[in-house]
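A quick write-up on the structure given underneath.
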Amino acid sequence: MPLRVKSRAQAQQPEDLRTPSPFAKVRFGVELPNVSSDDTFRIVVKKLSIFIAESVRLPSTFEQLRTTSAGEGLRVLVDHLDRTCTHPAIVNALLALRWHYSSSPVEKSLNDARANACEIVAWRFLSHLSEREAVDYCLYEIPDPNSPDAVTPRTPVDVEEGGVDERSALLAQAWAGTSSTAGSATKLLLTQSGNSKRNLLLESLSRLTQSMTADDDDSEDDDHGKDPTTAFTNLNALEIAAIADAKRFLSQNVVQKIVTGIWNGDIIFWDSLSVYSVKKPRFYNPATADPFSRLRVPKYLKSFEVLFFVIFLALYYAVLVERNPDYITPLESFLYLWLAAFSYDELSEWIDAGSIFYATDVWNIFDMAMIVIGSIFVVLRVVGLATDNEGLVNTAFDILALEALFMVPRVFSILSLSPYWGTLIPCLKEMGKDFIKFMVLVVIIYLGFLTTFSLIARDAYPLGDITWFLTKIFFGSSYVGFDIMRNIDPVFGPPLMMLFIMLSSILLMGSLTGMLSNSFSRVITHAREEYLYVYSVFVLEASTSNRLTHFYPPFNLLALVIFRPLRLFLPSDSKFRSARIVLLKATHLPIVAAIKLYEWVRGTAATGTQYNNFKGPRGHAPPASPGPLKKSSRPSMRARDSASSLRNEHRHQEPLLLQQAFRPLAVPDRMSERAASRQAAEDEAAENDALDHPVTDVEVRIEELASKIDRLTDLVLAMQAQQSQSVTDVSLA
């Protein structure tokens, strides 16, 4: 006989007996940071550092923080920031702290755990956002706290006066401040090397976190009266991630989608080429963007670079085949022209990125070797022709032949952008580092045996012969040692030679093979992260430059020859910049035409890629410039927070039936799912239609809130109906 079950409404518990919210202000004895939208970047870093230092007190690995209870505090922090924080620089602050902890020399294990915690919080926070909001957070640039008017966008008028700021791409903004109030700091930064600049950024964060327990009013100025976070001015979150080696953060899907959008030109920083152009991240709109702005797209920059190197290689082979010892031929003149344009472009790139990040890309080392070899060839060639020295001319061509060791691989460097080939380069790079370290031990042992054998065999073999014999033995020719060991010395020769052969051929070579195998296995597991890191750095260096006019080589020599001398006695005013723009358009018109033809063939010339691949509420385009951190700069974030607060208000005001509706793990029926799918499709279509019909800020917020409330109401009604049906079925049974 079936049991008759009668449902009974549960008595509502008093408010003070309810289960406390998981988003309480204090968890695990640590107060959650209350980050306000109008806090400066310095205050945000201090508040986050207090929580991270208190919640992570034991050394933990990245996986432990991500999957075990050791990272429970991080999950609470992410939920708290998602519900309460609308500060646009929150991701920047987390990544800056990540770099600070990872570079700290004291308590290495504990600080590594805290660095991993900052990185986990950063990418988990992005996972709670829509993709378009993630674009806003990742590309938000930290404003200058000392600027009297931080709302003013950075225009070419602000950046072209200084040589470094005009070309700053990835990190020159960090090395040199762009505001007049930071002039002394700029001069100090420009006089320091790459390592000194890195140390300056570390010192800035160290001063900041050391004073995190002090009162805000007392610690507002450091010992020098300057904000320690000034060095991070005008850096966005992706650039700070590159500085901090946050490779796991950069390898996340949402971050890589942004990087890929920048690579393909879906996200651009310059949409016009005029004197008053403003640099800001935005989605590409072919209807309003200047066609010459496509010259800044990293994909097209790399394509033209490959074409430039192909012509360079053709000229190189032509000059070597011709090899005229009497005079400089026209082909050789073009080779000099290409070498000069290449050298000037690499010098500009080195100034853009700084020595630290210029050396990050292994191909830049090849470029510097090519420049050095080419310069030596030109000098010897000219001196040999001037002095009629045939031997010097032949030596010059022999040195030029060494250029192929670096130029041929450089031409095929495009393969490094492929995931397959790109994962092998970090492995070879790390294996090369381990090989160099191991060779130090080999050289020490080799010098000891070389000294012993040269002194014992002083009457039989000279030092040069002994050196060559031991080198052959080390590289596998063990029979040489057996042939000469009695000639070295009848008594000491055989045992010493047997010992050297066993050390070199068995112990050292076996250890080297095993070490390189372990290095390859260790790196290949993270090769994808390494590849995406190098790829992201290249994209950022090629796209985030403050330079208004970027001349492709060899056209950059025209700007160098024409405008650099004029700067010595003419002011760099708007007319001067207009002349550079005119020259750029005149010289690069065929390249732009080829780019537009390519986009027309692909079908993106008319429709563009605006918002097509990025989901989420449209809101507004990314902020025009790093302005003051106000709530008004993020309408989409406010809408999300308003919706969250509205849901919380509904939870408190709805009767018990509404709370019971959310308790069971019930799923709406298929009719509701199809209705929801149709509604989502209609909303997406309406959103796409609205791209060409912009509305006001208030209308956007009202529409988003109304849509969310309607969907929430429909969901609640559907779940209530299903629960009522379930109760009825049980009663009938």
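In case you wondered, yes, glycine gets a Cβ from its N, Cα and C as well.
Residue ranges 23-50, 247-274, 695-722 are listed, and TrEMBL annotates 695-722 among them as coiled coil.
Counting only same-chain residues 6+ beyond the ends of the transmembrane segment (399-423), those with a CB under 8 A from a CB of the stretch are 302, 306, 309-310, 312-313, 316, 319-320, 363, 366-367, 369-370, 373-374, 376-377, 380, 524, 527-528, 530-531, 534-535.
Taking Cβ pairs closer than 8 Å, the transmembrane segment (496-516) reaches residues 431, 434-435, 438, 441-442, 445, 449, 452-453, 456, 470, 473-474, 476, 478, 481-482, 484-485, 488-489 in its own chain, all 6 or more past its ends.
Across 304-321, 365-387, 466-484, stretch 466-484 shows the highest tally of CB pairs under 8 A with the transmembrane segment (435-454).
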